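Taking it in order: structure first as structure tokens, then the write-up.
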Amino acid sequence: MKFKFVHRKFFCLVLIFHLGFGRANDIPKIDEDTNSTLPAASTTPDDDLYSYRYDVLELIVPKHIKMNDINDYHEIVLPAYSNTAIQLRQMDHHGRDVGFALVQINAYEYNITLSYNATIIDGSHLTGWNVGLVLYGDGTLYAFNTNVHEDVMVSLVLMLYNKTAPLPGGCNLEFPVEISPVMNLTLKESTIEVDTPPASLAKQIPPPENQCGKSNLRYESYYLSMPSYDFSQRTYFTYIRKLISYANAKASGQINNLTSPLLTGIKRVYDRQVGRGMVFVTVAFDPVNHGFSAYVPVHTYACQPFLNIVGCYEFNIPTRVLGFIITVVMAAEIVVGFCPSVVKAFICGGIVGAFGTIKAATSWNVVVTENEFIAMLVAGAIVCAVLFTVLAVICPIAMIIVCNVVIGFLLCSVFYFGFFGNMFTHPYLVTALLISSTLVGFLLSSIKMFLFANGFLFGAAGLFYGVNAVFSARLHYSLRNLAHGMMNGGSGYGAVLSDSTLDVNELMAGASFGIILTICVYLRVRCQLAKNQRVPPGLIRLPCGGDRRGSRTSEAFLADDSFAYENVSGGQTTITRWTEGDDDVFESPESNSRFWARLRSRHRQQ
């Protein structure tokens, strides 16, 4: 009986050794001097050991290490419902100057889990799209794909840092793993908050200098904006790789240093742009020991493209219909100038009243509910609109100047946003914008033709925002950012970065605005010519109004109507000399329109 027991035990040991040796031969190897793509993880199940499929991959530290940079990068497929072992080798042999290795996985579309243990145990794993863990020597990490039916495409990255590099997430208090080199991203209604757990000094630096809270580390935040509505796998991995290392982030990313006393030094807030992916990364610096390290990048599309793709495109039909109506009305205003000056004054007054109410509530730190704030906004807009209308009736020229100032404010805010994005990058920006817009308004008013072409300026400004709404573009973000900043000035909105990078929607909206404006200007000139002298009728007869008191000067062609031109120019109408045959005809200002009317009627009779 004893012999049989020993014999069976020996047989079992031989069988286990044979199976282990066979599995070791199946481990895919990675050449130390090449960067060839890893094969897809094996799909052979091992239900005797785990409930997941069990596969093994090796990451071998190369002989020639690129310190503080990417040393291995592969895009692989994690099979559905699998557990893949990632073995780090040759760290002790080739990595004598290496302080720690950061193994990170960036998954596309689905979450994955990265763990120190072969089973998912609390406090030893991180779950998400972008995860990573730290190793100090040869070891094994486990990547779980808990999706039962879906394979997951991931990028597997090996980062090696020297012995002075700070430990990213070394003073973490947010995540279950003690050292968590990942960032926490939170989507709010209109913003994206990116929190970075504090880093610690390198492990090789003795205490008490390396204790949390006593190190003087600096942080830099970088970001990249993806193309709008591009949710492809290739774009995702390309933009993630651009921010994986500090060298890549500095070369390809854009830095964000916006902060406020209400935010921690390593918290950044970005304006939410639905349907436009953004990638973020934080780099920790140790200025004393001259080390640095990058966290695992994090990304968001500000929507759920793989669950609700329609929600990413913001098909806001009411807004687009309203934008289309505004576009048509403002195009007609540019061509015909039908909108009375009192209506323009009423609209400009409403704009001034709304922004004035917001600024006053912010300056006086008024605490109100949302409904109360909306009521204040409406009341302020109505009061200013009425005042501007009365001013337009009493003194039209003064009202035209005020409207030009409002238009100047819109122009200045758009140009500033195009260069800097955030409306609060510089102190006292609102005051500077008001001064600049006043100067622009008086500059426009100093040019005589812009006084009586007020309908053109007013229509062009309205057309700009109408076309923007039709295309769901971001050309209006200057006003949006400014309004948010005024309404949320006490909550640190001045530190919200609004990326001003133009995309296809903005380019299409800008091109459409330019084309429509050009056509409207052509029709406006043609319309004014039709009112002042005979022109070919063309395919479409323009409804240029019934005012026949015309003038043949170029300024009159720009004027909204002859009445505006004559009033602004001080009643100095033109005396026309017309020669036809042997007779010289001189017409007085009062009879000019009758004379041209007779000529037009004679031409029609012929």
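Glycine is no exception: its Cβ is also placed from the backbone N, Cα and C atoms.
Quick caveat, the model's predicted, so the values are computed rather than measured.
Annotation source TrEMBL lists signal peptide at 1-24.
Among the features that TrEMBL reports, transmembrane segment is placed at 321-339 (among others).
Model confidence over the domain 'TM7S3/TM198-like' (323-524) stands at 78, taken as the mean pLDDT rounded to a whole number. What TrEMBL lists as domain 'TM7S3/TM198-like' is 323-524.
What TrEMBL lists as transmembrane segment is 346-367 (among others).
Nonlocal intrachain contacts for the transmembrane segment (373-394), taken as residues 6+ away from its ends with a CB within less than 8 angstroms of a stretch CB, comprise 341-342, 344-354, 356-358, 360-361, 402, 487. Look at TrEMBL and you will find 373-394 (among others) tagged as transmembrane segment.
Annotated transmembrane segment per TrEMBL: 401-420 (among others), in sequence order.
For 426-444 (among others), the entry in TrEMBL reads transmembrane segment.
Residues 319-320, 322-327, 329-334, 337, 339, 341, 344, 347-348, 397, 400, 403-404, 407, 410-411, 414, 444-445, 505, 508-509, 512-513, 516-517, 520-521, 524, 555, 558-560, 564-565, 567-569 of the same chain lie 6+ residues outside the transmembrane segment (451-471) yet bring a C-beta within less than 8 angstroms of a C-beta in it. Residues or ranges marked as transmembrane segment by TrEMBL: 451-471 (among others).
The transmembrane segment annotation in TrEMBL covers 507-525 (among others).
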